[in-house]
Amino acid sequence: MRAYISVGKLRFINGLQYRSAAFAGIATQFFWGFIIIMIYKAFFSQNDPLRMTSISLDQLVSYVWLQQAFITFIVLWFRDAEIFQLITTGNIAYELCRPCAIYEYWYVKLLATRLASALLRCFPILIAAFALPQPYRMENPPSFVSFALFAVTLCMGLLLLVSISMFIYISVFWTMSPVGSTLMIGAFGEFMAGLIIPVPLMPEWLQKIAYSLPFRWTADFPFRVYSGQIPAHDAAWGILVQLVWLVVLVTLGKMLMNKALRQVVVQGG
Amino acid sequence: MIQLNEISKSFKIAKRSAGLRQAMKALFVREYSHVNALEGISFRITPGEIVGYIGPNGAGKSTTIKVMSGIMVPDSGACSIMGYTPWKDRVAYVRNIGVVFGQRSQLWWDVPVIDSFELLKDIYKISGTEYKANLELLTETLDLGALLHTPVRQLSLGQRMRCEIAASLLHGPRILFLDEPTIGLDAVSKLAVRQFIKDINKEKGVTVILTTHDMNDIEALADRILMIGKGRLLYDGGLEKFRGQFGEKTMDEAVVQMYREYQI
């Protein structure tokens with residue numbers, strides 16, 4: 001256990017070095033958040049929103065800013081090039097000489113990288129979002145309970161997301177190139193997580209599909225819990241669903257990883 | 001201590017000829033060829049030996065090391081090292097071995113060397129006192145004092161290799177696998193690395209298996225050599241006996257003649 005904590009810590013410290021990347025990221029996300037909100041503002045002004053969806057513009061604004069602030073918690077394209085390199089160049093040889101389980105080892109690395117990156121980015125965006133004029137301003141959660149549930153579901157969502165992203169890394173043992181898997185799992189997963197169109201605005205048949213997949217539990221769910229759009233009672237049950245998905249995906253990931261390692265070809269001489 | 005019995009391993013290699021037409025064809029029909037990297041390798045090594053493992057490029061040296069260090073699963077054959085089957089009991093087994101791949105790096109690129117060492121301390125669960133003693137000894141014998149606080153990316157190859165070797169020995173392994181540890185090193189670093197390998201073998205009784213293309217490494221270190229070619233073991237015996245067969249010739253010439261005799 002201690003080993004994994006140390007890896008995570010070193011990775012976290014490493015991740016904090018990338019300040020200019022975070023700076024550029026903040027600018028992009030800020031810009032992006034504005035554009036998205038403008039679109040929804042226009043959309044809501046032309047339609048009677050409650051006839052079409054259960055989410056209000058205020059709730060949607062929080063949804064968008066949370067997406068932007070915690071972008072490294074929720075996107076699948078945020079990837080660790082080092083792990084891909086380990087596999088394709090054969091440097092995984094050294095990882096395999098360690099008395100560690102590779103799945104856990106990588107899981108911690110990925111988790112720490114995302115945490116460090118989010119820590120650098122989330123505060124400037126959140127502070128600005130709370131200070132903006134209406135209708136761009138992000139609202140406080142309706143109650144402390146909503147906030148607490150949001151914190152828990154966001155963390156669970158992060159754990160879940162890392163377990164999903166592990167499949168991309170494991171797939172590289174077979175494909176030898178991260179491009180395809182990142183693109184496919186990334187595009188599909190992010191759409192189903194509500195990162196392109198928030199899940200409540202999807203047509204009903206699509207919502208049904210999104211609800212039956214693990215992706216929306218990483219982003220859509222915690223962000224709606226924040227604004228109280230998902231009530232506390234439902235949120236508590238949702239945490240259980242997150243937990244079940246987490247167990248399923250980690251178990252499956254470990255099985256696949258073991259299979260990959262049994263037939264691993266360490267590339268290069 | 002180490003026992004290999006009829007270890008075999010083959011690789012499937014995707015093949016195509018040059019040219020656009022062939023590349024298009026390969027989209028639909030993949031042709032594979034099988035390369036037998038190892039074809040029934042057997043040997044045993046007793047504790048405290050330094051064994052030089054030689055053979056031309058592509059002979060299967062690295063593959064053997066990878067099998068012995070639990071990284072690769074062979075197609076068939078048995079291997080028992082200190083009572084473990086490396087690929088089956090990988091996590092328990094690797095605590096007892098140290099591995100250096102001369103062409104790879106195990107140190108974290110962007111952080112000072114000491115950070116990587118501290119991490120290894122936690123990964124191998126090395127006790128505080130043991131870690132301190134080992135680190136002190138390694139720092140002294142490999143002359144790492146000035147390097148420990150430098151980021152790895154700023155070290156020269158020779159400096160880095162000394163740190164790599166130290167990293168593989170922090171947990172006090174009983175067996176050390178060295179896969180081309182002197183590749184690309186200058187004369188000073190080479191001598192330092194050789195001297196160090198001798199020292200830990202003598203003082204701590206660490207068993208060393210070493211692959212190299214530098215016959216001076218072999219002459220300076222190994223009591224026994226294993227020669228492999230095309231996946232088969234061609235020679236297993238003392239260094240003196242090997243040299244004796246070739247009279248006045250240098251080691252390099254002797255090895256070349258040996259390769260020629262076996263047509264490898």
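In case you wondered, yes, glycine gets a Cβ from its N, Cα and C as well.
Just so you know, TrEMBL annotations never went through curation; they're auto-generated.
The annotation transmembrane segment is assigned in TrEMBL to A:21-40 (among others).
Taken from TrEMBL, the feature transmembrane segment covers A:60-78 (among others).
Residues or ranges marked as transmembrane segment by TrEMBL: A:111-132 (among others). Long-range neighbours of the transmembrane segment (A:111-132) within the same chain, counting only residues 6 or more positions beyond its ends whose Cβ lies under 8 Å from a Cβ of the stretch, are 7-16, 18-19, 22, 25-26, 29-30, 33, 65, 68-73, 78, 80, 138, 158-159, 161-162.
TrEMBL lists A:144-170 (among others) with the feature transmembrane segment.
Counting only same-chain residues 6+ beyond the ends of the transmembrane segment (A:182-201), those with a CB under 8 A from a CB of the stretch are 52-55, 60, 63, 67, 74-77, 79, 164, 167-168, 171, 207, 209-211, 213, 215-216, 218-220, 223-224, 229. Under the heading transmembrane segment, TrEMBL lists A:182-201 (among others).
Tertiary proximity for the transmembrane segment (A:235-253) is limited to same-chain residues at least six positions away from its ends with a CB under 8 Å from its CB atoms, namely 103, 146, 149, 152-153, 156-157, 159-160, 163-164, 166-167, 170, 214, 217, 221, 225. If you look up TrEMBL, you'll see A:235-253 (among others) marked as transmembrane segment.
Using a Cβ-Cβ cut-off under 8 Å and counting only residues 6 or more beyond its ends in the same chain, the transmembrane segment (A:21-40) has close neighbours at 57, 60-61, 64-65, 67-69, 71, 117, 120-121, 124-125, 128-129, 135-136.
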